[in-house]
Amino acid sequence: MFTSSFLPAIVLASIGLVTAQSTAPAGIWGQCGGTNWSGPTTCVAGTVCNYYNAYYSQCIPSTSGQTSTSSSAVSRSTVTPSVSTRSSSTTSATSSAPTVTSTGYQIRGVSDPVYHLYLQSLNGVPVLGPESSSGYFNISGYIRLNSSPYQYLNIVNATTSYKPLTFDSAATFTGWALEGDTIITSTSSSYGRQLNFLACPASSSGYYQLYLQTGSQTPSSSCTSQTIHLPCLC
């Protein structure tokens, strides 16, 4: 039986254990920041804390000799979209945005608050926004934005059930498929058949950032569950 003289030591040991757990760096692919995140904000050696958005930062392999980084040190610039005006055949874009051609498929939301908002890229971030700046896509295992240069819709390997999406110069995820007019991840893909997404308000008004949703976690109470579709094929 413990006596009262042992209690202070036990309490101090417990506090020390909790402190060590909360200050230990996150491992590769672990979360390292985000709104209301209470876990580690630094990464193990050889990785850096990459800021995706206000709700999610992740430890990824360093490719430039950088050392481990805290999420508080990552730049958080506000992205302002450059909206293009589309003609009947091509879109004339500003110098800061890719040239979008009206070939391929549009992809859009069908429920509020993203009803008839269209998938497009804001500096590599997949968002739903106005049709005037809509992207056009090829869908063939990959989803490719038909712009110059091409950008491919990929899924970040996050530890949370909501997976950030990115546009990149190469396709690292090739399990996209169509179920009728609905965008899904195929049964044979690493995520299995998934058709639910989260749409979360972006820093620019009227735009919503997309996440693949594989469970029930959410980065913010302002996010809504959505599916995304091609315009009606009927």
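Residue 1 is the first one shown; counting continues down the chain.
A Cβ is built for glycine as well, from the same backbone N, Cα and C atoms used for every other residue.
Nobody curates TrEMBL annotations by hand; they come from automatic prediction.
In the domain 'CBM1' (24-60), helix, strand and coil residues by DSSP number 0 helix, 17 strand, 20 coil. Summarising the annotation, TrEMBL assigns domain 'CBM1' to 24-60.
Positions annotated as region 'Disordered' by TrEMBL: 64-100.
According to TrEMBL, the feature signal peptide maps to 1-20.
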Notebook entry, point to check: So what pLDDT does the domain 'CBM1' (24-60) average out to?
Noted result: 80
